[in-house]
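Student: First the structure, then my questions, so here it is.
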Amino acid sequence: VGFKAGVKEYKLTYYTPEYETKDTDILAAFRVTPQPGVPPEEAGAAVAAESSTGTWTTVWTDGLTSLDRYKGRCYNIEPVLGETDQYICYVAYPLDLFEEGSVTNMFTSIVGNVFGFKALRALRLEDLRIPPAYIKTFQGPPHGIQSERDKLNKYGRPLLGCTIKPKLGLSAKNYGRACYECLRGGLDFTKDDENVNSQPFMRWRDRFLFCAEAIYKSQAETGEIKGHYLNATAGTCEEMIKRAVFARELGVPIVMHDYLTGGFTANTSLAHYCRDNGLLLHIHRAMHAVIDRQKNHGMHFRVLAKALRLSGGDHIHSGTVVGKLEGERDITLGFVDLLRDDFVEQDRSRGIYFTQDWVSLPGVIPVASGGIHVWHMPALTEIFGDDSVLQFGGGTLGHPWGNAPGAVANRVAVEACVQARNEGRDLAAEGNEIIREASKWSPELAAACEVWKAIKFEFRAVDTLD
């Protein structure tokens with residue numbers, strides 16, 4: 001066959017509407033905004049080409065392989081309702097394009113290069129379908145939801161956490177004292193903030209030691225298992241693992257990682273260490289909004305959430321629906337199901353473009369955190385259910401009587417909501433009444449209710465369904 005040099009349109013090779021997807025294909029749904037004058041078929045084909053085998057011109061080495069076997073294919077295009085220039089382009093990638101067990105390689109291929117492409121005004125990856133054949137090459141979360149409950153001996157209610165504030169500036173001893181007060185008052189976990197690593201005012205080893213002391217002292221007082229998310233995120237993978245090793249030697253139950261700033265390679269390494277050494281792994285999503293906030297460009301958080309479940313983490317921050325951070329209810333619950341459940345049906349009303357079968361990969365507990373307080377407890381309990389961590393930073397430490405009473409208020413509120421739900425009451429309709437009733441016999445809760453009775457974060461969500 002003679003080699004024919006020159007430039008030809010992508011759609012001649014990469015737009016294949018007749019293609020029937022295979023069970024082993026990775027499927028992607030891209031929101032494509034082509035430049036004026038670029039037809040959607042060409043734009044969709046360009047995305048498929050540039051994120052798989054294509055380049056801008058025909059090359060003679062194409063003849064040395066089977067492009068039909070390895071190329072990505074744009075197999076369907078739908079206009080986005082209400083937008084004149086946006087399309088959802090569906091692309092199928094053969095599994096052989098990806099290294100086994102590597103989220104890093106998956107993202108480098110699918111979103112690594114194509115987002116700077118000149119023929120596109122904007123591009124957003126809305127969803128991925130990960131086939132079971134690829135999922136089986138990943139370890140996934142170190143332990144999963146059921147194992148975590150068994151380790152902690154806590155059942156039938158959401159878990160409670162608190163991020164220690166001020167996030168930066170406390171000495172290690174004062175930091176440990178704040179943890180102790182919260183844990184003693186009734187919380188299950190306290191937490192390092194995402195940017196607490198090892199700074200001049202508090203080196204990591206000192207913090208780990210004082211927090212371990214807080215854990216053991218509060219456990220002895222309450223008879224409950226306690227934890228503090230010790231942030232092992234560091235400048236190098238070796239240093240990160242060193243911190244995780246020290247946490248294990250202290251006998252604490254859980255460590256933490258910032259998975260986007262730390263990177264997927266580091267995160268997967270830490271997840272493997274945590275499974276091998278019995279540590280739970282809490283994941284913070286710092287930097288996610290840089291990637292997922294714009295509606296027409298970037299990557300939706302549901303993709304980052306799926307990637308985290310593959311890479312490994314037992315908890316991940318997922319927004320609150322009711323607090324100070326972005327998150328619309330249906331969309332949030334869509335990716336919360338993708339984190340927790342074994343099988344999730346396609347449901348476009350919740351932003352789920354593909355049916356996803358996780359083939360027994362352990363689940364991840366969603367963490368609701370950011371601007372929430374006791375008045376939100378009924379809504380949070382109803383929205384997230386038992387398999388969640390509800391995290392109140394300011395909502396614990398901002399209590400007028402201090403940390404421990406703040407923790408008591410949150411624990412009383414969550415127990416009251418769970419009891420009311422189990423008795424068949426409607427948390428959405430009767431939530432305020434349930435909290436008021438509980439506050440009659442808990443002065444700590446009554447004081448918290450008084451402080452935050454008028455606090456609301458009323459802004460419309462940016463991330464809405466079309």
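The backbone N, Cα and C atoms fix where each Cβ goes, glycine too.
As annotated by Swiss-Prot, N6,N6,N6-trimethyllysine applies to K4, with the evidence given as sequence analysis. The substrate binding site annotation in Swiss-Prot covers N113, T163, K167, R285, H317, S369. What Swiss-Prot records for K165, H284 is active site, proton acceptor. If you look up Swiss-Prot, you'll see K191 marked as N6-carboxylysine, on the strength of sequence analysis. Residues annotated as Mg(2+) binding site in Swiss-Prot: K191, D193, E194. The annotation site 'Transition state stabilizer' is assigned in Swiss-Prot to K324 on the grounds of sequence analysis.
Thinking about packing and proximity, how do these listed features fit into the structure?
Tutor: DSSP assigns K4 (N6,N6,N6-trimethyllysine) to coil in the three-state reduction, outside any helix or strand.
Close to T163 (substrate binding site) in the fold, though at least 6 residues off in sequence, lie T190, K191, D192, D193, S369, Q391, G393, each with a CB less than 8 Å from its CB.
For K165 (active site, proton acceptor), the same-chain residues 6+ apart in sequence whose C-beta sits under 8 angstroms from its C-beta are D193, G393, G394, L397. Under the three-state DSSP scheme, K165 (active site, proton acceptor) falls in the coil class.
Under DSSP, D193 (Mg(2+) binding site) is assigned to coil, being neither helix nor strand in the three-state scheme.
In the three-state DSSP classification, H284 (active site, proton acceptor) falls within a strand.
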Student: Around D193 (Mg(2+) binding site), how many other CB atoms lie within 10 A of its CB?
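Tutor: Other Cβ atoms found within 10 Å: 19.
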Student: Determine which residues of the same chain, besides K191, D193, E194, have their CB within 8 A of the center of the CB atoms at the recorded Mg(2+) site, and list them by sequence.
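Tutor: Close Cβ neighbours, site residues excluded: T163, I164, K167, D192, N195, V196, Y229, N231, M256, H284.
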Student: Can you name the residues of this chain that are 6 or more positions from K167 (substrate binding site) yet have a C-beta less than 8 Å from its C-beta?
Tutor: D193, N195, V196
Student: Rounded to a whole angstrom, what is the C-alpha distance between H284 (active site, proton acceptor) and N113 (substrate binding site)?
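Tutor: That comes out at 26 Å between the alpha carbons.
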Student: Rounded to the nearest angstrom, how far is the Cα of E194 (Mg(2+) binding site) from the Cα of H317 (substrate binding site)?
Tutor: 11
Student: I'd like to know which of the recorded positions K4, N113, R285 sit within 10 A of E194 (Mg(2+) binding site) at the Cα level.
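Tutor: Passing the 10 Å Cα cut: R285.
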Student: Roughly how many Å lie between the Cα atoms of R285 (substrate binding site) and K4 (N6,N6,N6-trimethyllysine), rounded to a whole value?
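Tutor: Cα-Cα, rounded: 48 Å.
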